[in-house]
Structures are given as C-alpha cells and as structure tokens.
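Undergrad: Take a look at this one; I'll ask things after.
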C-alpha cells in the first residue's frame, strides 16, 4: 500500500514538472498579434509589388479610413443632401461625370476649330476613344474633399423610418458604377454581405430582379437588417429581390446563362481590416489555412459568376486587397478555366472610369489588369481592386 502511494506521489510530481515545462515553452515562444503578422506579410510582399509607392500606401492603411455617404433614394434625400453640402461634402459621382463632360466638350471644340491641323483626320477617332463611361445618375455618394478628414455623423431615420445615407468606403462604389446596370436588367450580387454594394445597386431603381447571395447565414442576416433599414418592404418583395445563403461556387450550376450583370465581390484578406482589427482577422494563426485557400475560392467564385452570366452580359470582379495573387492572377486563372468549360470572356477597359474619378481617388498608375485604388493620406479610401469582363460566348 505504501509503495502504491509513493508511486502516485511520484507520478504527480512528474506531471507537475512536465506541466511547468510546457508553460515555460509556451511563454518563451514569441507571440505576435494578427495585425502584426499582417503588417509583416504586407511589408514583405507589397514592398516588392508596389516599390516606391508602398511607404505612402502603408501609412494610409495604418491611419484612419475615410468614408463616403451613399445617399438613400428611398428616404427624404433633399434635406439630407443639403445638410451634407452645408458641411462641405460633395457628390463625387456627379462631380466626376460633370468634369468629364466639360473636358470632352473642350477637346471637341478644339478639334473642330478650323485652325486645328488634325481636325479632319482625328475627330472621329477621338470621339470613339473618348466615350464616357455610363454612370447611373441615381447613385449619389458624398465625400469630403481631398485633405479634409471630417467625419460624417451617423444617419438618422426620416418620417417613414428610412435612414438617409449609408456610410462606406467610397471607393467600393466603383465596382457598382463599373457594372453599368441598365433598365430591366437581371442582376446577381454573388457575395453580397454586409450589403453596401447591394444597397447601391437598388439605388439605381433600374433592376428588374436582383438576386442577393452570401454563403454565410449570419452575414446574410446582417444584410437583411441593413436592407430593411434603408429600403421599404414593397421594394424587397420576392419577385424583386431574392436573398439566399447558398455556396456561390455552385451558382453556375444553379442558374447558368441567366443574368445581364453579375457582381463578384469576393472574400479576401481585407487588408485594411487586417492591419487595424484583431477581431475576425484572417491573419490569426487559426485561420492560416483559410487564408492560403483564398485565391482558389476567388477563382471558383469568379468562374461561377461568368457561367451565370448570359452571353453578352458583364461581370465585375472586385476585392479590398492589394494582393496581385487575389486580383490579376485570379482573373487570369478564371478566364483560362472558363475557356476550358466553353465560356469565353474579354477584359474591358476601365481607364475611362479611373480618369473620371482621379480627383477623388488615387489609382495605381500602370495596372496590368483592371484598376486598383490605393490608400493615401489625402484621400484615404481603399484598397479596392476591380476588373470588368464581358462574356462573349
């Protein structure tokens, strides 16, 4: 009995020793926060990708983000816009389109002058090259001028209970504007949560039917709450807006050759969030495999979006990351795979769109494919990447 007791005491002591050793190893292991790991990763990769641009982009992403106010056309917009204008904000969509029209008029007047030696040979070519992008006049997004770090106040409900505007990264409106929704279109928002771009699509008031999807049930529930805070119930009936929580990668099987326009705003490393927030950070150690699988997921989602688009329809792919592996490389890989499945698509030129809004956002000077908004202290929006594809077969 004594021997058995001694053995138990010895085992208990050994267990305590091993427990102390494990704690010592745990405490001696260097600990890094998710935001620190993200910054290390970005310094190593984006420092190479962006070169001399990276220091200013880095400072921008580590600083407070600048927001825009998407006007809700289902509320009393007149009072809201007047208030925002008094505060010094302006509608960047309207101002950009107006500046473009004025510039084109000046160019045409110059070319049509009798003294201009190239009048007859270049006028038609210039008109074709200078076609302005089609912008929905119903999408209104107010921002403060460059260098102005004023903040928007939280929106208040009007007499009908609808909120007057939705705060978001103003650059996230570019994919919606690039989508060029026309009257009577069927539109799919494949990865819709948290709902800012979906709300912007509804502001066009041109869509015949909008399919809104997100694979996450909890995120879809949040999206529903957003929509019900801004859009009257009669505009959210099933025949107008269908909200689902399906795996977006299978959409090409579910509804092939169906939609006039498809927005594929994929999950990504959400660079700014990864640098500033520990909560739900994709750079946490437990999410390492999820982060590594992101490019594959993005390719599958874009491929599904292409398959769901009817021939002649258009797809806009977008992210909120600077990563070429999640941006240009995904587009290229998806196009190759789509070709193997009998789906052909062509990349569309977004330079006119970038030119229209160059006074509001900082764009990457020479993108290889699509357009990329870079964060900058004077206009701290983004990062937002977008690429437009037109399905040809």
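Every residue gets a Cβ built from N, Cα and C, even glycine.
A quick note: this is a predicted structure, and the numbers were derived from the prediction, not measured.
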Undergrad: Which range is it, out of 78-104, 105-131, 132-158, that shows up in TrEMBL as region 'Disordered'?
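TA: Matching range for region 'Disordered': 105-131.
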Undergrad: For a quick check of packing: other C-beta atoms within 10 Å of the C-beta of residue 320 (active site, nucleophile), how many?
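TA: Summing over all protein chains shown, residue 320 (active site, nucleophile) has 23 other Cβ atoms within 10 Å.
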Undergrad: If one measures from the C-alpha of residue 320 (active site, nucleophile) to the C-alpha of residue 197 (S-adenosyl-L-methionine binding site), what distance in angstrom results, rounded to a whole number?
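TA: That comes out at 13 Å between the alpha carbons.
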Undergrad: Which residues of the same chain, at least 6 positions away in sequence, have a Cβ lying under 8 Å from the Cβ of residue 195 (S-adenosyl-L-methionine binding site)?
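TA: 222, 223, 226, 227 - these are the non-local Cβ neighbours of residue 195 (S-adenosyl-L-methionine binding site), listed in sequence order.
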